[in-house]
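Everything on this sheet refers to the single structure shown next.
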Amino acid sequence: MSGGRDSSTSSGSNSAAPGASTNATSSASASASSTSTSASPGSTTSPASTQRQRGRPAKRATCTWCGEGKLPLQYVLPTQTGKKEFCSETCIAEFRKAYSKGACTQCDNVIRDGAPNKEFCSIMCMNKHQKKNCSTRHSGGSASGKGLAESERKLLASGAPAPTGPFQYESFHVFDWDAYLEETGSEAAPAKCFKQAQNPPNNDFKIGMKLEALDPRNVTSTCIATVVGVLGSRLRLRLDGSDSQNDFWRLVDSTEIHAIGHCEKNGGMLQPPLGFRMNASSWPGYLCKILNNAMVAPEEIFQPEPPEPEENLFKVGQKLEAVDKKNPQLICCATVDAIKDDQIHVTFDGWRGAFDYWCNYRSRDIFPAGWCARSCHPMQPPGHKSRMDSSSSKQRCPRPRYTVVAESEAMVPASPATAHFHPNCKGGPFINNSKLPCMVTGPTYQTLAKLCLQEVLAASTDTQQLSKLLFALEGDVHIVTAAGKNFTVKIPSPMRMKDDESLAQFIETLCTTCRACANLISLVHETEECKKCANSRKRQLTQSATPPSSPVLADKRNRQSNSATTSPSEKIIKQELAVKSPVESKSKTSTNNGKEPASQQNSNHSLNNNNNSASKSSNKVVIKSEPNGANAQTSSTTQALRKVRFQHHANTNTNSSATNGNQDTSQTTHVSTSHCSSSSTSSSTSLAGGSANTSTIGKYLAPLVAEVHPEQANVKPSNSYYKSPTTLSSSASLPTSVSTPFTGCQSASSTALAAGGVTAAKAATAPAGAAATAGASPSYTAITSPVSTPTSALANSHLRSQPIDWTIEEVIQYIESNDNSLAVHGDLFRKHEIDGKALLLLNSEMMMKYMGLKLGPALKICNLVNKVNGRRNNLAL
């Protein structure tokens, strides 16, 4: 039992402060709240404990009533001869009943049944008393002393206040603020800095009264609370339906407490408290039961809330009284250690930094100096760090000395350290930056680093992979909680994080590890947008705004951007299918009639070899583009062609398409192909006798659509006209981009365009050797053709038509092809043997309960199951 928490007093200082209210001395539960044994700021060591530092250890204290020595003695009853300690409210109540009937004259203990004498609890006490008072045993003084003791016992049993008697229930020393301020050379914070009344409000509440209060763990709920303790101007409340472990304290002028009926008048509804021990459906009946014949607190005893200060007027170093958040029944001597905006850092005098906290300057948990004395509330004096080394305080105080290392001065900044998140910056492959907060604040650098890791993990899209990366960092091992899970990470040791520079280095390492933008987390709030991410975003917007847009176009742009960093020899990309453009525009060209350089011939020969080797699994279109060079320069002026659609036929004249192979154009051609779901036997047969490129094209039977746009410069409509595709050169190189593909096969009749005068013609495909003789440049651009099917569609095409017949591997294949993030659950499906039949029966509750899936993946899989059921129903129709 901590002596400072007991507030033991001598006979000369046993009286309460002037004006002590009746409520402060009315019940045992109030004493219980004010005499808790847990260590806290302001709890001091009693003189008795300091005297027992040598020799034989002190005898373990036991409950005065039941003799229990294992339970903490949380309840103290001051008496004439000292104090009585108890383990529970029941023990202290029973002791008071027995004490009112009579007490031992020698030891002041209760006289139980079977005692040898009505005045003594035991023979030993009787013998001691006889030896001590043998000469005056029959004198009148003994009788008068006995009469005084009986009157005091009756006064104690009645519970009435005794301002000057030794049996006052709550007695405490009045802290001398003037002497303390003079000793420390500091000043007290003025009353205008606090959101507190000038004079502490009267507390007319009584234990057992019921009222409405906001649940401190869920401030949106209004619950029924019972007053279980009264101390000065404060109330100890317990939510009905909750246990005693969640009691909380409120001032009588708080806006969080109201009279019964206030919630209903304002259109609200009383809610069960968080952690309601009964069934939620029984709440209405339970509410009627507890309010029936209850002692309801009258509305007039609730005090109005005081006005709040207009701004933060605190100064560093000012003294005040503050509630200990870890032991809220205590108000202790404290100091303003730091100020930042609306926040102040409260430190408790004489204690290490474990109990310090940040709060708003409008907080109701801070009071001006002298508030406790005026409100008759016990005030805990400053602690003494030197006493923590004594053996008795080590046993009584739960604050270990090694905690000082975690809160060393090197780790505590002058003001709270703050890290700012910039959601506009890229979060990389592991972080969803939309889930990041704007900022986090920590009292120490290490705490801030831990908070940053916690927020990054909470916003992660793949916590399993990211936690491995964070654990690979250097530093001390810590456990952080994010998204309902515990993760083991590493944070630099306190000795390495001494200033902002070290913290900034850690944040930079964190961003690099997460593959995010270096400006995603910073110690300085930057209003300007990150230039790197802004430029990247502008490029994406420009690319997405360029019509027409398609996945093929994006793939081409990615390849073009990658080609800037590759050597010229790497720019020739392997292709599975080479398509020669059958479009030729009339242009004025000046060509070199000399022989083609050997490098160009080698490149063309390499291209033809690649075309022949990759024709079996063709998914890409490679179009040879010839820039304006020394050997071939073009200055074409053409009119924009609306659309040229052509189909592959068996009677394609490949020789006619190769006659104009030396003519070049600088037009921009948008090539789009679509995969034809139905196959044509005659077309594939007729194409079998052609070259490798021709046979490959015939295999897909996809109509190729060319949309030609001239360059913006030198556009002369009079010099442009359409040519029949049969007369267009197949070797004419056109810089290409891809338009939106067609979704189905088109017949020969549907490809004719009457409005623009564009006729549908046969697709001309040059032989493999034609490319070698054409005067073309060796630069090639590879773009993805829409002929290639998406991964999910290609994977699903191999599945059986009926999902009910799917095997386990087919189910896993279907899920992985539709959502790559669900691929990690493949082994789980194998473990539970989820085949097609089981897949159709899955629901989110079943997957979460029996398969251990989280809600997010379970909902994704349910969505895929619904798609399968929809397709199944369509097939049945």
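Note: Cβ is positioned from N, Cα and C throughout, glycine not excepted.
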Can you tell which of SER493, SER550, SER581 Swiss-Prot marks as phosphoserine? SER550
Have a look at SER11, SER142, SER585, SER679 and find the one that Swiss-Prot tags as phosphoserine. SER585
Candidate set SER29, SER151, SER549, SER618, annotation phosphoserine, source Swiss-Prot, matching residue: SER549
For CYS91 (Zn(2+) binding site), which DSSP three-state class applies? helix
Going by C-beta under 8 A and a gap of 6 or more residues, the same-chain neighbours of CYS91 (Zn(2+) binding site) are CYS63, THR64, TRP65, CYS66, TYR75
Restricting to the same chain and to sequence separations of six or more, state which residues have a Cβ under 8 Å from that of CYS87 (Zn(2+) binding site). CYS63, CYS66, GLU68, LEU71, PRO72, LEU73, GLN74, TYR75
Can you list the residues of the same chain, besides CYS63, CYS66, CYS87, CYS91, whose Cβ falls within 8 Å of the Zn(2+) site's Cβ centroid? THR62, THR64, TRP65, GLY67, GLU68, LEU71, LEU73, PHE86, SER88, THR90
Using a 10 Å cut-off on Cβ-Cβ distances across all protein chains shown, tell me which of the binding-site residues (CYS63, CYS66) has the largest neighbour count. CYS63
Tell me the coarse DSSP state (helix, strand, coil) of CYS66 (Zn(2+) binding site). coil
Across the zinc finger (54-93), what does the mean pLDDT come to, as a whole number? 73
